[in-house]
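Undergrad: According to TrEMBL, the protein has these features:
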type	residues	note
DOMAIN	31-145	domain 'PurM-like N-terminal'
BINDING	Asp33, Asp79, Asp210	Mg(2+) 3 binding site
BINDING	Asp33, Thr48, Asp79	Mg(2+) 4 binding site
BINDING	Thr49, Asp50, Asp127	Mg(2+) 1 binding site
BINDING	Asp50, Asp79	Mg(2+) 2 binding site
BINDING	His57, Glu253, Trp298	substrate binding site
BINDING	Gly126, Asp127, Arg154, Ser212	ATP binding site
DOMAIN	158-260	domain 'PurM-like C-terminal'
BINDING	Asp213	Mg(2+) 5 binding site
REGION	280-303	region 'Disordered'
Amino acid sequence: MPPKKGELALIAQIRQQFATSPTALIAKGIGDDCAILRPPTGTEILVTTDFTLEDRHFRRDLHPARVVGHRCLARGLSDLAAMGATPLAAFLSLALPKDLPSAWTRQFLQGLQSLAQASKVTLAGGDTAQSPTHHILADIVLLGTAPTGTSLRRSGAKPGDRIYVTGQLGAAAAQLRTLLAGGKVRTHHLPQPRLAIGRKLRTKATACIDLSDGLSTDLTHLCEASKVRAELDLASLPIHPTATQNDALHGGEDYELLFTSSARIPKSIATPIGRILKPQKNHPSITADGIPLPPQGWEHFKQ
């Protein structure tokens, strides 16, 4: 869209596609210098931001624009889910190449809009610019709310807690491997942020994190924040039918919730996969069936 119609036409398209009327929570959305938000009394604001960068998070020759738009928003929504928040507003900034076909932009926005509607989050503003390269960059900022003092964190796990995970693991890594090998996929993996479960966990979980960089890496983050160790039971991992155990342990972009709890959580909500242990000097943060499991998920600047 930018090359033929320019930035003003792109902004007009976004304003029309995401038009909303004022609400009790959003007095002013797209169309002014700032959005005006009115969060409910007795709540705190949670803020997260995520990049979606071409050739790092997606490839145009492998990933349809609609899928890219969905995942762009899903990343931030999953962060909100991990802290038990209710989405309030999103802000999207786009840097697009001059020669990008207008159809790509339209389909990207459709993918983002579809998930926004399902998740009841309003696009309340953003920015656009011409990319100085041939790469697409999308940055999304998400705001959410939670009753004051109830937000989940990574730092509350206690020895004796069970470790749980929602959904199945490894599907995103398995599908990416297929695509990179030149294979075809029937449907692209569209992660569904666990917002409703995250809110339920505010009174059940002792610590929580979303699985964006892989189980081994994200569980390491949780253990370090909580100053504990973890023991995984590999036979309990809910592995997606298309994935391997390695995909489930180290593959990223599952966007499930990994959490700890002293309570028994129904299997309809999450699968128990291990236990939290006391920290011990010179012992690894994570063991799996008694064997050290170092973090081998995604880490920027190291890959």
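Using N, Cα and C of the backbone, Cβ positions are placed for all residues, glycine too.
As the structure is a computational prediction, the values presented were derived from the model and not from experiment.
Give me the lay of the land around each of these features.
TA: Helix first, then strand, then coil: DSSP counts for the domain 'PurM-like N-terminal' (31-145) stand at 36 helix, 44 strand, 35 coil.
Packing around Asp79 (Mg(2+) 3 binding site) is summarised by its Cβ count: 23 other Cβ atoms lie within 10 angstroms of its Cβ, all protein chains included.
When Cβ atoms from all protein chains are considered, those within 10 Å of Asp33 (Mg(2+) 3 binding site) total 6, not counting its own.
Other Cβ atoms within 10 Å of the Cβ of Asp50 (Mg(2+) 1 binding site) number 20 in total over all chains.
Cβ neighbours within 10 Å of His57 (substrate binding site), excluding its own Cβ and spanning all shown chains: 19.
Its Cβ taken as reference, Arg154 (ATP binding site) is surrounded by 20 other Cβ atoms within 10 Å in the chains shown.
In the three-state DSSP classification, Asp213 (Mg(2+) 5 binding site) falls within coil.
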Undergrad: Using the alpha carbons only, what distance in Å do you get between Asp79 (Mg(2+) 3 binding site) and Asp127 (Mg(2+) 1 binding site) once rounded?
TA: 22
Undergrad: Which of these binding-site residues is closest to Glu253 (substrate binding site) if you go by CA atoms: Thr49, Gly126, Arg154, Ser212?
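TA: Comparing Cα positions, the closest of these binding-site residues turns out to be Ser212.
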Undergrad: Measuring Cα to Cα, how many Å separate Asp127 (Mg(2+) 1 binding site) from Asp33 (Mg(2+) 3 binding site)?
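TA: Between the alpha carbons of Asp127 (Mg(2+) 1 binding site) and Asp33 (Mg(2+) 3 binding site) there are 11 Å.
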Undergrad: Output the one of Asp127, Asp210, Asp213, Glu253 that, of all these binding-site residues, has the highest number of other Cβ atoms within 10 Å of its Cβ.
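TA: That would be Asp210, with the highest Cβ count within 10 Å.
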